[in-house]
Every structure is written in C-alpha cells, then in structure tokens.
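Student: Shown below is the structure under consideration.
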C-alpha cells in the first residue's frame, strides 16, 4: 500500500514538472508572467489549492501565446514629451515613493464606489462578482506586485483614454490646465481621475505596468506599458476577473522592499486602513496540525511501547490510527483595515469605550484620552473630525517650537490618508491635540501632498481651533486645574500671545496663583467676581517664584487693603498678560510699574498733595543730584507701607522680572540688550513718606539748604497729619511706623 502511495506521488511530481517546463515564461516581467503561481512550496494540501485558485491569476498563457499576443496587440505612442512628462511625475509630483500604493488603493476604492452606486439602479451590476474588495499579492519569485479590485472596471476605450489622458495632453498643456484650475479655484479631480496621475505613480517603483480589466459592458482587455508606449489587446483567456481590475507591477530592482509582506501591511495600515471597502493581503501563517503517521513511523513507535501498554491501549481505543503534530505554512487572505472609521458614524451611536479604543489604536498611546470631541462641520467645506486631548504632554512638546512639524492631526479624503506632514492644520500652541480630519469634497493638488485651496485649509483650521477650545472648556474644573493646566498651561498662555482672533476664549482658560489662596490656582473669571466694589483694574505681580512675588514691596499696600493680587511665576506669564490688555472690561495693572492709584476722598487728596509739597526738596535732590541721569523722576509712593523706597518701571519699560528674563535670554544667545528701547527706559524712584529713614533724609536735606532757619512745621508733623487722614481711608496706622523708627536708628546713622 505504501509503495503504491509513493509511486502515485512521484507521478504527480513528474507531471507538475512537465507542465512547468511547457509553460515556462520569459523574465521580461510583461503580460507573459504567470501571475497565478504562488511562492509557497507545497501544493498537495486541498485547502491551499483552493485558496490558490482564489488568488490573483493571469495563467493559461504559455510563452508562444504571449509572443503572439504581443505581436497582435494594438500599440499606442504617448503623444507628448514622454521623458519629460514621466520625469515630472516621478521626480517632482511626489515626495516619497511609497505613496504609489496609496494611490492605487485609492483608485481601487473609487472604482468600487462607482460600481456600488451603479448597483443602486441596476440590479445586474454586481452579477459578475458580488464581492466588493481590494486584494494585494506579492510574488517575490517573479518580482511582481498585484493589486486587484472588484470595482467598475474599464472598457477598451476607457483603458486607452483613462491611462493615456495625461500624456496625450502634453506636458505644457497639462501644466497649463493645472495652473488655470488652481487660479480659478476649481477642483483638479478631472485631471487626477480614476487612473490619472495617481496611476502613474506606479512608475516610481515599476519598470513595467500591466493592467487587466473587465467592465460589464465589454470583454476583458490587457493594457501594458513601460512608460515609453502602451499596448491594448483583448484577453484571449476570456473573463477571468468577473468584473474589476488587476494592476501588476514589475518592480525595479531598488524597489524590492515592496515585495516584503511587512512593508506592504505597514503601508496599507498607514495610508488606507479607513477605506470603506475591505483590503486583503495574501499572507502566510504557521499552524500546527495533526497528520497520519507513515507505516514505518507508526511501526517504530509501536515497538518502543511495552506490550502491556499496547494491549491496554488497543482495548480502550480500538486501535486508533497513529498521528503526529507538524507545523505547516498556510497561505490565506488577511484583512488589513479591520479598524472602522468611527468618525463616519453619528456621535450618539458611538460608545465612550469605542472612542477610548480608537484613540489608543490611532495614537499608539496606552492611557485613555483626557477629553475628546466628535463633530461634523458644514459650510464652505464639509468634513468630519474627532479630536483628542492626551492625558500627558508628549515628550519634547516645546522642542523647536514653531519649526517642528506636528504629525498629530491626520488628514483623510474619503477615508484615504493624505498627510500629517504640515504646519497649517492646527496652530502651534495646540500642537498637543491629536485627531483625524476627513473630508469628501476637499480639493487636492495633483500630487495629493498639499492642499490646492489654501483658503479652505484656513476654514478647516478655524473650525478645528474653535472645537478644540470648546472641548477644553468642558473639562471639569478639578480635572482641568489638577491635570490639564499642569500639562498644557503653557500652551494656553502661548495661544493668548499668538492667536489674536481667539484671545478672549483663551483668556477664560487661563489659571494663575493669587493672594486669595496659598496653593489653589484661580481663573480670571473668579478674580473678577471677587473684586472690590470700586476696583477697576486686575492687579498682578511677576517674580521668579510665588515667595518672591508676594514679598515684593510693590504689593504691600494692596495686600494690606485686601486687594487680590495675581502672581506670575513663569517666564511666559508676563508676555501673556501684556498681550491681553483687558478682561471682562477690566484692564490689567502691573504693580511693579507706575500708574498704581487708589480712590481717595477730597481730604485724603489734600493731605497727599501737602506731603508731596513737603517732600519736594528730597525728591528734587534725588533726581538732580543723588540719582542724576539714572532715574526718570522721583515721586511720593502710594503703594509702599513698610519699605522705604522702590524703583518702579515706566508704563513702556521692562519690569524688574522682565529685565531679568531678557538678560538671561541675552546671555544664552550672546546678544547685547543694553541698546534695547525697553531696556533703556529709565525707572521712577518712589519714596515712602511714612518711613523714618525717608523722613530723616528730608530733614537733613532741609538742614543743608536752610541751616540757619527753623521751619514752622517739620516733615514729621506733616506726614503724621497725612497718615491720620490716610488711616481713615486706607487703614494705615502709625504704631507700626514708631516701631519701625526704633528699628531703623542704625540705618539713619549709617546714612
């Protein structure tokens, strides 16, 4: 029995070898290639044979038949400057070679869309093949890559027209049409077409391209080109496709990477995983199966078993046939685009877990998103989008800020990935937002690498920004303050600086520390709600830390009177507030700059003016002698209560904190800021008339100027009267001053 089985196997192998010898084809990689042969070794398994029959094939033609077909085929010369045209397409219109697969799959999807649309009104449209799929097969042995769709297919006339239109138009005419279409704001889809320029991207990686196509209204035809000319002939095998198109690429030597399964799978997932139709790749996998043992193996195993064990086994199993486990390589179609585009579904039908799962798959993140928004925008351009805020900031978020491209927003057109390599889809300060944008009617330029209509990109950008800010605004306060602000607070501040049109919206998202609470942060809305009745300004103080800001002399009187002061402790904070002139009708006041004033009664005003007149000698001495050419002016301060004096920046000059930041930046860049306009602005010297040191200085100045005359009223008397008036208005007492006077005796002696 075993001998007969071996003899039969030998006959099969000899017959198979004879067939291969008769059907041997040349290696030119043209139509004569036997596309049906797969590269796996074993063909004895019935399941493999069945799956192989399902594979993309153009068999049934031997070498002599191929030569005869080539001689009989009708040849066409590209009626244009072919070399220049192909050079333009290959070298200029596309940025990288790998997009050829995206274009071919996109064309296949278009063809499937067309036949599906036709089937709505023609019940027989799908009779040739009811399956609507795209299938890709790599043949390493023959250096071939096949892309097959069961779409509408092409007639002989359409093969000539669609695959020759670009070249027939001529290089100059083609470029002129593209330019005219772009200037008129028209779509260039008629130039791209089902097999327009996108089809010609195949020559980026192929020496020859073979197209076999079957349309319901025509017989099956074969189109072949090496980019110099093309030929078309009826397929002598008849209808092998049922309906649809197979594109076979004879790959260049340097493009052999595109025969690797992993490469093809990665490209499909990168560019086409959200195509409406299933995309399959002919793939292998290893399976463990049980096979009957041969007679010799079974006999050997039986000898190794003991007689007793064998007897028991025979009784229990009634001599079951011996089997063994072996590993086999099995080939089958593997579905690539198993992730469905959930943004195409109504948001009400998508569960939260689905959004989280999609985010993790899409972004390659392990954490759930902090927030998301799913919406459809309509108007000048219609698109669907899902945007996500990650839980934590991406690494290097501010590295090369503004120049580094963000790849977190992916642009699709009809579920076909176009690009994530641009600056303009989202503003720089929202470079942490991740998501997808999908439009069915977005016009593209000829290469599909850049948007043709820049104004439409601006419309999309505007809507994306508004929706993103709405999404951020809806984050719960505790989650916003504890998580979002820590991760992305700097981005919001940069947005206030950079985005004028959304500045008001962004201002509501700002958070700062303030004197209201020792640890919690506050919003500007909350600050305004807590403002005093007649307070018309939002007070802020900038410093390198909260401790430095709240211990500054500039905030002494404000804090004593119960005014809330915002503390700016980050380098970007002061820039942010400078870009935000007001909030809710309230202007911002830097308490380290001149202009801090308080409401005062007529009596207080008279007392203040009296003090200013009394201290005029000291003020003049400071400005004209002691600090000559170093200060802009010397004035009596309304903000100091404990400190004797302070240098205050002008309204257009740098505060002390800003000057510190600018000097640090200048040191890093090696620039000299001494000539900077803002740095050259002189400061105002403010004195505290209630401080014993300042009063003693005034006394000494008067003694020097009028040594023989005794003043009718001393400075101490004047300031004491003023203090009493101001105490009534501003709760400033004199007990503290008396204690301060005792403590400052040493300072007087030193002066």
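The count begins at 1 with the first shown residue.
Even glycines carry a Cβ here, placed using N, Cα and C.
So TrEMBL lists these for the protein:
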type     : residues                                            : note
SIGNAL   : 1-21                                                : signal peptide
DOMAIN   : 96-255                                              : domain 'Histidine kinase/HSP90-like ATPase'
BINDING  : 103, 107, 149, 154, 162, 168-170, 194-199, 245, 448 : ATP binding site
REGION   : 288-323                                             : region 'Disordered'
COMPBIAS : 289-317                                             : compositional bias 'Acidic residues'
REGION   : 702-751                                             : region 'Disordered'
COMPBIAS : 705-740                                             : compositional bias 'Acidic residues'
COMPBIAS : 741-751                                             : compositional bias 'Basic and acidic residues'
Student: Around the C-beta of residue 149 (ATP binding site), how many further C-beta atoms are within 10 angstroms, looking at every protein chain?
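Tutor: Total other Cβ atoms inside 10 Å, all chains included: 28.
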Student: 162, 245: which of these binding-site residues has the highest Cβ count within 10 Å of its own Cβ?
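Tutor: Neighbour-count leader: 245.
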Student: Could you check what DSSP calls residue 245 (ATP binding site) once collapsed to helix, strand or coil?
Tutor: strand
Student: Please report the number of other Cβ atoms within 10 Å of the Cβ of residue 103 (ATP binding site).
Tutor: 24
Student: Hey, what's the Cβ neighbour count for residue 198 (ATP binding site) at 10 Å?
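Tutor: If we count other Cβ atoms within 10 Å of residue 198 (ATP binding site), we arrive at 24.
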Student: Where does residue 149 (ATP binding site) sit in DSSP terms: helix, strand, or coil?
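Tutor: Going by the DSSP assignment, residue 149 (ATP binding site) falls within a strand, counted as strand.
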